Amino acid sequence: MAAELVEAMNMVKSFRVSDLQTLLASMGRSKSGLKQDLVGRALRLVQTEYSPELLKNVRQLYETRFPKSSAWLAARRPESVPVNYPALNSSPRGTAQGTDYLNNIPKPVPPPAAEVKLVPLPFYHNLETLLPPTELIAQNSEKLQESHCVFELTQSQVEQIRNSSELRPGMKSVQVVLRICYTDSIGVQEDQYPPNIAVKVNQSYCHVPGYYPSNKPGVEPRRPCRPVNITPWLHLSTATNRVTITWGNFGKRYSVAVYLVRVFTSGELFNQLKHCSVESADRCRERIQDKLRFDPESEIATTGLRVSLICPLVKMRLGVPCRVLTCAHLQCFDAVFFLQMNEKKPTWTCPVCDKPAPFELLTIDGLLSEILKETPEDVEEIEYLTDGSWRPIRDDKEKERERENSRTPDYPVVDICVPEANGHSPAHSGTNQTGKPGSGGASAGNGSTSAGSGGGVVVDLTLDDSSDEEGGGGAEDSEDTDDSQDSPAPKRGRYDYDKDLVTAY
């Protein structure tokens, strides 16, 4: 036990950053940080959680990094330290050992190939494995290599393909697909194409997904690595099918596999989600109350959480609110649009926080579904309260529209743009904002009438309460008006208006 622990720690110290990250990720640990942090984290992992599985992962990484050294180390390892290799993924190799070559120590046998596991895909359900993951072996030192594989379909498999429904004209729902990934036995592998890939089935080239153009400057186009449908080029009989893969040999190892699958549409996945993964409204309220529960150690008390009713994907009102169980936020996105986008371009990332959003962790928010039914279309945001209730949030424009529709202004309005029937401006002939009767309207009455025909009202801004008292009653005002008609017109300066008058529109 002690010898194995020391051996594993020495192996970890010789790992590269990529090896350390792979080891930590396989054991569920964080793989971020500098190399010295990763080494320390891996050493603590080996010391505190030592297990046969951990030792196997460390040895596999070490033998991948130092194949010759690992063989020599296996030969020099004491007999008390057992060697456990993973199970075979293909036909077993020879187990006979070679002749003794050093101090009567038998020559070590190369370790068997590790089993490669491909990640399950939500839109593809594996029915049968036609060709298990098999490594592409370079035949020479050329950069462009060709690898061949053959398989046959049984009569029942042929009938499954022929009798399946059509997703669209010419495409069956039961297909034979080819998948390629890195040759790595640690964890599950995602689809990954080698450079310069080309696939030929029975002497006919089949379509391989191309590159997606990038909208960001300086970012290279990205190729979506997904299963390749080779059904249209197969012999739908018991005859042998031959697949030729052309690939670029640039130092990385790849494996190829062939499966018989059932392909789902986004609508079928949505039906699965709707029937199997809906979070009840009561559970959603408990989640909200947990987030808003008072924390005595926190200096800031949260009394509400705002949630938008607009989908972040398409900027439209949510139809079926959906979120990821592992995400901390309450903001939802539309389930239908999310599945449709991943059907065309599979990324499976949360549009709110950019964290992984696998189909198995998606859930429909039952509480927000009820809120969407109860709120009108013009409500775009709500606020969750501490007791689990909610209230709609209306913006300033909506409040202004409601105030205009109710015709009950919050402040007094004086309209001086339209003259009254007697030709007097309301600012002079009516009651002013202070409640005192105005009396200066007659002195400017003619001016206001003439200006009113032109679309404005002439207001004498030099009048005040003292001029009202000196003017006396309405009779004196009329006499002043007559005198003003007989008097000559005032002299004008460089401007078109009188010195003491302004025009209000």
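Yeah, the Cβs are placed from backbone N, Cα and C, and that goes for glycine too.
Features of the protein shown, as given by TrEMBL:
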- 395-407: compositional bias 'Basic and acidic residues' (COMPBIAS)
- 462-485: compositional bias 'Acidic residues' (COMPBIAS)
- 493-505: compositional bias 'Basic and acidic residues' (COMPBIAS)
- 12-46: domain 'SAP' (DOMAIN)
- 395-505: region 'Disordered' (REGION)
_For the domain 'SAP' (12-46), give me same-chain residues lying six or more residues beyond its boundaries with a C-beta closer than 8 angstroms to one of its C-beta atoms, as numbers and ranges._
5, 54, 57-58, 61-62, 64-66, 184, 186-187
*Stretch-averaged pLDDT - the domain 'SAP' (12-46)*: 80
*Mind checking how the domain 'SAP' (12-46) divides into helix, strand and coil residues in DSSP?*
24 helix, 0 strand, 11 coil
